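> Provided herewith is a single structure, encoded as structure tokens, for subsequent inquiry.
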Amino acid sequence: MNPRYVPARYFLIALVPILIFAQEAFITTQFLAMDLAIPATVIQDGRDWLEAVGRFRFLGATWVFAALAVMVFVLVIRDIAQPMRPQTRRVAILVILGIFLLAMMPTVQYIIAPETPRIFHRLGADLFENALGRGTIAGCATPADRWLFGPCGEQPVITLLNRTLDMINICAGLGVGALIVGMILCLDVPQTDDLEKQAQHLERNLRRMRRQLYLSGLVLTFGIFFATSWMRWPLPMIGAADQDAFGAVVAASSLFTGIYFTLLILSFYLPVALVLDGRRRRLTLRAAGEGQLRDPAKMVEWQKMRGLASDPAEVFRSGFALAAPILAAFAGGVPLAV
């Protein structure tokens with residue numbers, strides 16, 4: 001078995017999702033309120049116990065999203081561990097590390113400057129701190145007590161939220177980096193001139209690409225589920241008169257995140273799909289030039305017999321995987337199966 005080889009230039013595709021990261025950061029810092037002025041008075045007295053509703057939802061969403069992110073990271077490590085040219089392996093690892101470091105930048109910023117606004121401040125720092133500050137955590141009787149994530153602090157549930165968001169940044173960096181590299185590895189080139197072997201190699205890479213797309217849609221759809229879970233955390237504690245208004249803010253924020261995640265998937269899927277489609281066209285033309293095909297119908301038949309023809313069902317599933325984060329945002333963060 002020949003070691004896999006992906007020309008280094010194809011890893012420049014990773015710059016496209018990095019551009020999407022930069023655009024999202026620019027939009028959120030320049031055009032959105034860093035601390036939305038939602039008064040804590042919208043919280044209704046006597047509903048403190050409903051904080052547990054949001055916490056259950058948040059912890060469940062954290063669990064499943066972290067598990068999926070680690071899973072795709074393990075899958076790409078398995079791919080990298082298979083026979084592969086050293087230069088391809090090195091570049092793949094460097095890209096994963098680069099994406100991971102980018103994802104860690106907010107956490108590092110919070111460590112250097114603890115007063116930096118947190119992501120939940122965009123939906124009202126006073127609201128979240130007042131609502132979540134009413135909750136308790138076992139083992140946190142005083143602010144100086146220590147638990148799994150360090151000192152409990154004055155508001156242990158806020159500490160829980162902050163530390164969990166930091167942990168998810170780590171998982172997301174590894175997971176998204178793995179999704180990007182896994183997609184680029186679908187561009188490994190066949191090391192043979194045999195037409196049929198090249199067709200088999202291309203069919204295998206097309207299958208790998210679709211698998212990566214479905215995984216990307218699944219992981220980032222549950223990313224929407226996670227994001228919506230922390231956004232909706234205070235909602236059960238808000239009075240009935242203000243629940244719809246806050247729900248509208250959450251829905252808009254969730255939709256923005258869904259659009260961001262869909263553009264992120266598109267940024268590393270579309271370049272790979274275009275490269276593989278070009279290889280498919282060139283391979284078909286080569287087969288025609290060697291006299292195997294005489295008319296367009298024969299070309300289509302040749303592609304079908306080798307698993308290279310476009311399948312309407314696959315096109316639909318691919319479109320659904322791309323749009324899944326947006327659809328999940330419209331559905332209120334309920335994960336949609338890919």
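Glycine too: its Cβ is placed from the backbone N, Cα and C atoms.
According to TrEMBL, the transmembrane segment annotation covers 12-38, 58-79, 91-112, 167-187, 213-233, 245-276, 315-337.
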> At a C-beta cut-off of under 8 Å, are there same-chain residues at least 6 beyond the transmembrane segment (91-112) that contact it? List them, or none.
6, 8, 11, 14, 17-18, 21, 76, 80, 84, 118-119, 162, 166, 169-170, 172-174, 176-178, 180-181, 184-185
> Quick check for me: are there 3+ Cβ pairs below 8 Å between the transmembrane segment (58-79) and the transmembrane segment (213-233), leaving out pairs under 6 residues apart?
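Touching, yes - the transmembrane segment (58-79) and the transmembrane segment (213-233) meet the threshold of 3 or more Cβ pairs under 8 Å.
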> Under 8 Å between C-beta atoms and at least six residues away from its ends: which parts of the chain pack against the transmembrane segment (167-187)?
4, 6-7, 10-11, 13-14, 17, 62, 65-66, 68-70, 72-73, 75-77, 79-80, 92, 95-104, 106-107, 205-206, 208-209, 212-213, 215-216, 219, 223, 226, 264, 268-269, 272, 275-276
